[in-house]
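As given in TrEMBL:
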- 44-67: transmembrane segment (TRANSMEM)
- 79-98: transmembrane segment (TRANSMEM)
- 104-132: transmembrane segment (TRANSMEM)
- 152-170: transmembrane segment (TRANSMEM)
- 182-205: transmembrane segment (TRANSMEM)
- 278-300: transmembrane segment (TRANSMEM)
- 320-341: transmembrane segment (TRANSMEM)
- 353-373: transmembrane segment (TRANSMEM)
- 466-486: region 'Disordered' (REGION)
- 469-478: compositional bias 'Polar residues' (COMPBIAS)
- 496-518: transmembrane segment (TRANSMEM)
- 524-542: transmembrane segment (TRANSMEM)
Amino acid sequence: MSGWRSQWRLVLLNSLTCGLEICVAAGITYVPPLLLEAGVEEQYMTMVLGIGPVLGLIFIPLIGSASDHCNSSYGRRRPFIWLLSLGVLLALLIIPHADLLAAYFAWGGCALQVAFLILGVGLLDFCGQVCFTPLEALLSDLYRDEEDCNQAFAMFSFMVSLGGCVGYLLPALDWSRGLLSVYLGGQAECLFFMLILIFVTSVLITMKVSEEPQCAAALEPGPLLEAGRCGVPRSCWYLLKSVPLLCLLRTCWSMTPAIYRSYCHVPRVMRQLCMAQLCSWMAVMSFMLFYTDFMGEGLYEGMPSAAPGTASRQRYEDGIRMGSLGLFLQCATSTVFSLLMSRLVRHFGSRRVYLSSMVSFTISALVICMSKSVVLVSLMSALTGFAYATLQTLPYTLTCHYHKEMEVYMPNKKTKNMLKNGIAIKRDSIMHLTAMDEEGGLTHKLGGTNGHAIFSQEGSDYYPPPHGQNGSSLSATAPEQDEPEGYEKRGVGLDFAILDSTFLLSQVFPTLFMGMIVQFTKSVTAYMASSVIFGIIAIYLANQIIFDQKDLNS
């Protein structure tokens with residue numbers, strides 16, 4: 001990973017990450033005013049923003065698992081990236097032209113325009129957010145070494161933050177007076193045309209640079225996958241495995257119960273990480289989704305429903321632009337911390353970095369709740385970028401670490417039984433075991449070559465078995481009966497899908513209920529107060545995360 005060429009390749013590989021975030025960030029900022037202007041009440045506007053995350057929660061485990069088992073000649077992840085990118089492109093075409101699409105129908109009107117807007121928003125949010133899962137899995141496939149993985153996801157976080165900077169800055173600029181805006185028909189049309197250009201370019205760059213391992217590196221199909229082949233001709237079976245959409249349908253048909261069983265019954269380390277990640281994202285998303293509305297209605301005391309040209313409407317639009325600037329500052333800070341993340345983890349450790357990021361976020365949100373100063377609120381919004389960078393990096397590198405040493409962090413039944421029965425061997429004997437294995441000695445009796453763990457006689461130290469060249473444990477080839485009952489072999493794509501589900505779920509609660517809470521309290525300060533509450537809970541849960549092997553004994 002050393003050298004400018006390797007770093008430049010990482011930048012190009014993550015160009016789609018940046019393009020996706022630009023589109024999603026611009027949509028989050030620009031779409032709520034479009035919905036409000038179309039006549040959607042604020043309570044229902046927040047519910048519309050929850051459609052994409054809800055759909056993502058349903059389909060993301062299927063997409064993650066299907067990409068783990070896809071054997072397309074184009075790779076495991078890239079076919080799904082193409083498919084989801086097509087959905088994003090379609091959404092970018094629908095949203096700015098919802099009124100024109102509604103006008104094509106004789107019975108079309110304001111209601112149909114709102115329907116097209118809702119369709120575009122749901123498609124953009126769903127495809128845009130879910131597409132990050134195969135992109136993260138692609139990085140994990142290409143960079144398996146722990147240090148390389150840390151740098152890869154630090155660059156991933158940097159490109160997400162950079163995309164957020166551009167995405168929040170674009171709607172804050174006035175495009176209505178430019179020649180392109182006059183030619184295309186307005187501010188929205190000009191903005192979304194630029195988003196389409198940026199997105200298509202980023203897709204082509206990432207697809208050109210990424211070279212996935214051959215399809216033989218994919219997970220071997222488990223019993224449930226084999227069961228899905230019954231009665232299917234061989235030619236049709238290979239077609240189903242090669243085409244991403246058909247692969248997804250096959251997964252829905254044959255593996256849905258097993259996927260959701262694995263999805264719900266996660267190992268302890270992933271369960272604790274996901275709980276902390278969920279509350280951390282709920283704190284951050286309660287802030288990000290409604291920060292512009294908080295600035296427009298709260299600090300600037302404007303009214304989104306006021307007639308255009310009135311003082312109240314002008315104050316609201318000024319607040320929206322200042323809110324976009326605050327989110328831009330957040331992403332700018334996040335880009336800096338993303339570049340420094342590897343050094344921070346090396347010097348202070350993952351635990352301290354994670355906890356300090358959530359503490360700084362909670363304090364910032366508390367100050368924003370209590371302050372009426374636009375300058376101070378903007379500075380505090382910039383400080384929240386530390387938490388944003390951390391949540392984009394550390395949970396994914398921890399997951400890669402868990403999968404690299406699955407016998408330690410996700411032990412199967414036989415490994416657990418060995419620990420329970422006290423099978424022990426000294427650290428000094430490890431080197432001798434290799435030689436004795438060649439002679440068929442003690443190693444054969446203890447099962448030392450079948451990929452199982454070796455424990456010290458004191459019972460406190462754990463020495464994982466050797467790893468193959470692809471970074472996966474040799475125990476991955478162990479017989480099926482060694483796996484826990486009711487579980488399929490876990491792929492990193494599935495666990496990344498679980499992590500991304502926490503991000504999507506963190507948007508569901510605010511979008512479905514925050515509008516009602518604001519109407520009940522009659523104050524948009526409730527947005528920021530919710531961030532503070534979730535931040536406090538996240539700090540507590542972050543202390544329960546397994547960051548290294550020492551935490552397993554606590």
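Each Cβ is built from the backbone N, Cα and C atoms, and glycine gets one as well.
Nobody curates TrEMBL annotations by hand; they come from automatic prediction.
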Honestly, do the transmembrane segment (353-373) and the transmembrane segment (278-300) touch, with at least three Cβ pairs under 8 Å and pairs 6 or more apart in sequence?
yes
I'm a bit unsure how to read this: which one of 44-67, 79-98, 152-170 has the highest number of Cβ pairs shorter than 8 Å with the transmembrane segment (496-518)?
44-67
Which of 79-98, 152-170, 182-205, 278-300, 524-542 shares the most C-beta pairs under 8 angstroms with the transmembrane segment (104-132)?
79-98
Are there at least 3 C-beta pairs under 8 angstroms linking the transmembrane segment (524-542) and the transmembrane segment (79-98), leaving out pairs fewer than 6 apart in sequence?
no
Is the transmembrane segment (182-205) packed against any residues at least 6 beyond its ends, judged by a Cβ distance under 8 Å, and which are they?
12, 15-16, 18-20, 22-23, 26, 30, 34, 81-82, 85, 88-89, 92-93, 95-97, 166, 170-171, 174-176
